[in-house]
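Asks: There's a structure below that I have some questions on.
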Amino acid sequence: MKHLLHLARHTIVLSWRADPKASAFVGAIVLLEVGALALFALAQRWVVDAAFDSTVLALAAAAVLGGVAYSVGAAGNRVVVNLQQDLAERVDITLNQEVLGITTRLRTLEHLERPDYLDRVVLLGRSTSELAAAGIALCRTASAIISVGLSVFLLSTVHPALGLLVLLALPPIYMSMLAQRHRERARRRAATDERRDARLHQLAIEAGSAQQIRVMGSERLIDDWADVARLRLIRLQVKAYLAATGWQITGWMIYSVGFAAALAIAAGMVGVGAITLGSLVLVVTLGTRLRAEVRRAVSSIQQVARAATAAEHYVWLRDFDRAATASAGTSPVTGPVGRIELRGVSFTYPGATVPVLRDVDLTLEAGQTVALVGLNGAGKTTLVKLLTGMYDPTGGTVLLDGRPISEIDAEGWRRRTSGAFQDSTRFKTTVAEAVGIGDLDRIDDAVAIRRAIDATGIDVFVDRLPDGVDTLLDRSMGGHEFSGGQWQRLALARAYMREAPDLQVLDEPTAALDPQAEHEVHALYAERTSNAPGLITLLVSHRFSTVRMADLIVVLRDGAVVEKGSHRSLIEAGGDYAELYESQAQQYQ
Ligand SMILES: Nc1ncnc2c1ncn2[C@@H]1O[C@H](COP(=O)(O)OP(=O)(O)OP(=O)(O)O)[C@@H](O)[C@H]1O
């Protein structure tokens, strides 16, 4: 509830910012509606009593008052419903942006591999609209409770015992809260299956994966897997909804029986002259209205409960973000970084038990080209991730010019790095944007983009495109599609956008290139290195023709550094490197 109140305040502030006049108007109308409905009920009593007393003036006044009160209540309700919807939609957009911001702002990638984090994101993503309406739901609940209170007060003016009718509201409210809790538990248990179903669905509709699925003839299998996840999800939800409906029906049955008994007692009291017929009309009107009010209270309490659950996810994610941000380094990177050291670095992926890197000691000096070599799964890419600050080591330290990387502002450090990777992201934007995104400050700098395109040799493809650099690279949107190698060369151009990085990472960025293109790329990066004396180049490659040129070659096996030195010294040592080199050389012969 504490979370909800906090968030309700937050959403009220957001809706106030979205439209202060509309927000104030909604609040005022909700309160006015409550008063109008109570006045309408009272007017009915006055009408009947005035009719019995034959006082025409009082009858007319009560009828006019009742009519005005009813019209104000009904019109207010209609206006509020429309305004609320509009406000909630605007707040929903802002909340979605906040949630996305929390997820993308985090310094490392660790959270994106935690099932509990991802489940929360899915659950919250489906309920931001409920969150957006939290403030309004609280207002509605308050208004419904005030309405119920007013009705009960008016009933007790007829006879104090009738005030006890309010107790009848408790079973439906309590049962509906139980039902809500039940449904929420089911949603939470189904979140992982929901993600799995969505992912399998995505595999089936994306051209790249769909092609592979068809080649393997595995459409049915993927469908079956998705069906299993979906069925599990549906079964859980249906079971929870049936149980929840059972709770709710029980609550309303208790209410109905109690209400019928109260009516019978009131009718009996008219018979013995204890109350007037006008009072009986009031009891019937208020009693019927009470049911509608309790129903409204139950529905808004349910809305509040849903918003409370969403608020819990929101607060969990926000606290996660705050804790991560509080422990993040803030020390700025002021000048070029000339030395990167790894001291006793170990790393285990979140949720895993076996370390992927073990006790790695390594120094990368300014101007050096360092090649990482090793069999598949040796830990090369993981090492790159630690150096670019995507993960914190679980043991040991990474030092930048003697300062622990964890103390340094991660964004500042990443701005001093550039990278091209084997499985580079296909940014399905225009060519200019897909390249320019490599240096956000210059995403609109046509000259810098052109320079990167020309330098990496993709001008030959780009200039043939119908709209040149403005061509959209997305077939599904009517644009153009690149080949695998062309996409990889585009990623190299993107990496080229950073003008003077301290560290450039090339993690098998030429794996999809033809030999000539690969040669051109290496010549380009060699030129870049010689023009930038302080630049550290970290190269991950399985191609020894490239690796042998490096100043320092580091051989990883099962996450540990087993050898390091120049090509010559490692060949002479006759260890892992010499063996790997020899086997590749033989294949070429
Ligand atoms: N996100 C992850 N979560 C858990 N384990 C991972 C993750 N990424 C990689 N691993 C594991 O870490 C080990 C090292 O992977 P890494 O990608 O660093 O190897 P690599 O040397 O770059 O391999 P390759 O030559 O195949 O690219 C592997 O055993 C892999 O299963």
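Please read every residue number as a count from 1 along the shown chain.
From the backbone N, Cα and C atoms, a Cβ is placed for every residue, glycine too.
TrEMBL does not curate its annotations; it predicts them automatically.
Sharing the record's features from TrEMBL:
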TRANSMEM  21-43  transmembrane segment
DOMAIN    24-306  domain 'ABC transmembrane type-1'
TRANSMEM  55-75  transmembrane segment
TRANSMEM  131-155  transmembrane segment
TRANSMEM  161-179  transmembrane segment
TRANSMEM  238-255  transmembrane segment
TRANSMEM  261-286  transmembrane segment
DOMAIN    340-583  domain 'ABC transporter'
Asks: Do the transmembrane segment (161-179) and the transmembrane segment (261-286) share at least 3 Cβ pairs under 8 Å, sequence separation 6 or more?
Replies: yes
Asks: I need to check the long-range neighbours of the transmembrane segment (131-155): which residues 6 or more away from its ends have a CB within less than 8 Å of a CB in the stretch?
Replies: 4, 7-9, 11-12, 14-15, 26-27, 30-31, 33-34, 37-38, 41-42, 45, 84, 87-89, 91-92, 95, 124, 162-163, 165-166, 169, 282-283, 286-287, 289-290, 293-294, 296-297, 300-301, 303-304, 307, 310-311, 314
Asks: Report, as numbers and ranges, every residue of the chain located at least six residues beyond the transmembrane segment (55-75) whose Cβ falls under 8 Å of a Cβ in that stretch; write 'none' if there are none.
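Replies: Here the qualifying positions are 32-33, 36-37, 39-40, 43-44, 46-47.
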